[in-house]
Amino acid sequence: MPASPYSQSHTMGLPILRQCALTSSRRTLKVPSPVFLDFLAPSAIGHKQCRNASTATGGEPKPRYVLSKEQREFMDSALRVNQAGELAATLIYTAQTPQIVRSYPHLRPLMKHMYDQEAGHLKTFNGLIQKHQIRPTAMYPAWEVAATFLGWSTAALGREAAMACTEAVETEIGSHYNDQVREILSWEADAARRGEELDDELKEMLATFRRIRDEELEHLDHAVANDSKEAKPYDPLVDVIRFGCRAAIKISEKI
Ligand SMILES: [Fe+2]
Ligand SMILES: [Fe+2]
């Protein structure tokens, strides 16, 4: 009898993703400044500018938009929070799935699909955190316990409560990604006003945030389609989870 509702690749995948994040954590905790993002730092601009600058308009390369300290701090916090959030998402689905598919086997493909996407998101942010030497949240172990408990307890309450958990989490996470997308778009507009352009990697990150936001909102739609609104008691459950998500985001931005 399998220990998990997922295929073997899933049962092996999550520990590997977590190991990657923790290895990254050990490595990055030695970095003295939490706001140094190599590709965004002014010191990295000069020698890369010509190679990366666009030649789309009349062959004239546009100067690179240099992020301020506050903007680099924003990216630092954003990537730290996103990694923590995606870890939590994989753990919620891992804890929910055995109970849900036992009673509702037809939901196995949906739970697997959502887990697969979350594992992909976590892998993306593990890679970015490691690449840009960002300090992962010190709350990582606490979020692991909290997310597993949240997944297990909502699934114990039933399918509707499990789906209400997804609805609540994705509402907060979707809007969180939206805030990040909006912020980077405001930098892009600022760059355009100055006749500059964003670093290619920042543009790529913007596209990644948009794709992941859309996938989170797809999960929200799946939850509503699977009776999240029928959870009892719906309002207190969703309110508490949404409050918890907002608190975890705020804490992970700083700690
Ligand atoms: Fe996700
Ligand atoms: Fe999600």
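Cβ coordinates come from backbone N, Cα and C, glycine included.
Not measured: the values here are computed from a predicted model.
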Check TrEMBL for me: it has Glu86, Glu118, His121 binding Fe cation 1, so pick out which one of Glu204, Glu216, Glu218, Glu230 it puts in that same site.
-> Glu216
From Glu73, Glu160, Glu170, Glu172, grab the residue that TrEMBL records in the same Fe cation 2 site as Glu118, Glu216, His219.
-> Glu170
Provide, as an integer number of angstrom, the distance between the C-alpha atoms of His219 (Fe cation 2 binding site) and Glu86 (Fe cation 1 binding site).
-> 13
What are the non-local neighbours of Glu86 (Fe cation 1 binding site), defined as same-chain residues 6+ apart in sequence with CB under 8 A from its CB?
-> Glu118, His121, Leu122, Thr124, Phe125
Write down the Cα-Cα distance for Glu170 (Fe cation 2 binding site) and Glu216 (Fe cation 1 binding site), rounded and given in Å.
-> 6
Sequence gap of 6 or more, C-beta under 8 Å: which same-chain residues meet both conditions with respect to Glu170 (Fe cation 2 binding site)?
-> Glu216, Leu217, His219, Leu220, Ala223
